[in-house]
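Beneath this line is the structure, given in structure tokens, with notes to follow.
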Amino acid sequence: MAEKSIAVIGAGKWGQALHFALSQNQKCLITSRTKRDIKDFVDLQTALDCEYLVIAIPAQEIREWLQENFVFSGQKILVAAKGIEASTGEFLNEIYEEFIPRKNIGFISGPSFASEVMQALPAAIVINSKSRKLYKEVSPMFPRFLKTYYSDDVIGAEVCGAYKNVIAIASGICQGLKLGNNARASLISRGLVEMQRFGKEFGARKSSFIGLSGAGDLFLTASSELSRNFRVGLGLAQGKALKTILEELGEVAEGVKTSEAIHKLSKKYKIYTPIANEVKLILEGKSAQDSLKDLLKS
Ligand SMILES: NC(=O)C1=CN([C@@H]2O[C@H](COP(=O)(O)OP(=O)(O)OC[C@H]3O[C@@H](n4cnc5c(N)ncnc54)[C@H](OP(=O)(O)O)[C@@H]3O)[C@@H](O)[C@H]2O)C=CC1
Ligand SMILES: O=C(CO)COP(=O)(O)O
């Protein structure tokens, strides 16, 4: 295995942005299911032979991808996805740990729209790992414009990154229904309380929710049309069918499936998650106006 070699797997929006960022300080390879005519694009095996892998494959696809493609041979992994597996309700750390030792895995979180990273605009992200050593190894790989912080609250970062996508859908609905700034601020702040309550059940640390991974990413995603999840919400408020919205989007909106996962987990562990539950129901066809009435009285 080549030393300090690094590759991004998954050349979607975020994978390409991370490849751009990681190419500033060293050579970084990139691969994807669909072959692309882009700089440093290699076949999958060449990428898998690298020592460091940044995996930007969506949450719902990763288990099957790992089963079919991944053999652990000492690689260190940074997980770029933000979501919870809907079919099982399993967190990404649980899935990855079936294939890779915990000390070799880190999770990227924090407010980071790919399109802005692509323009080298400044941002701050968190590398969440049980191994501080891993953080120390990967931190210098990031360019100056992407400031990195360390946290060992892996589950906290995961819940924040996944849950904020669902709240972003709710916020897009709120915007689409023209409910006003007061309503949106109320929704986002109650969303933060809700995701913290949910995370507590799984051992997430409270402080993660007021930091970059939580409030930082939530405020970003739930207040901007740059967010795909927010745009899903806008489409729902306009009465568009989910299928049409997702076709028009052409990119992943993790909040859609993650709302199912949250529903499953909140039912199992009896966690009060009113906003996520209404998002799931709206995605299944409930009218947004009816959801609003139910949220206001609950
Ligand atoms: N975009 C952003 O600003 C940010 C995104 N994220 C997270 O990163 C993850 C990826 O997002 P993003 O890159 O934007 O999404 P995109 O929809 O742009 O790209 C998805 C990528 O996943 C690959 N992919 C999808 N299904 C499979 C599969 N079954 N097997 C192998 N590869 C697959 C696609 O490969 P191909 O195209 O080659 O077929 C593509 O490279 C999501 O979890 C998202 O929440 C996190 C932070 C910021
Ligand atoms: O996670 C993101 C920014 O931090 C991107 O959010 P969207 O997937 O909603 O675009």
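Including glycine, each Cβ sits where the backbone N, Cα and C put it.
Same-site candidate for substrate binding, as annotated by TrEMBL with ARG228, ASN229, chosen from LYS39, LYS76, LYS82: LYS82. Helix, strand and coil counts under DSSP for the domain 'Glycerol-3-phosphate dehydrogenase NAD-dependent N-terminal' (24-133) come to 27 helix, 26 strand, 57 coil. Among the binding-site residues TRP14, ARG33, ARG228, ASN229, residues whose Cβ is positioned under 6 Å from ligand 2 are identified as ARG228, ASN229. Rounded to the nearest whole angstrom, the C-alpha distance between TRP14 (NADPH binding site) and ASP217 (sn-glycerol 3-phosphate binding site) is 15. A 10 Å radius around the C-alpha of GLU254 (NADPH binding site) takes in these binding-site residues out of GLY110, SER112, ASP217, SER227, ASN229, in sequence order: ASN229. Sequence-distant neighbours of LYS82 (NADPH binding site): residues of the same chain at least 6 apart with a C-beta under 8 Å from its C-beta are ALA59, SER109, GLU158, GLY161, ALA162, LYS164, ASN165, GLU254.
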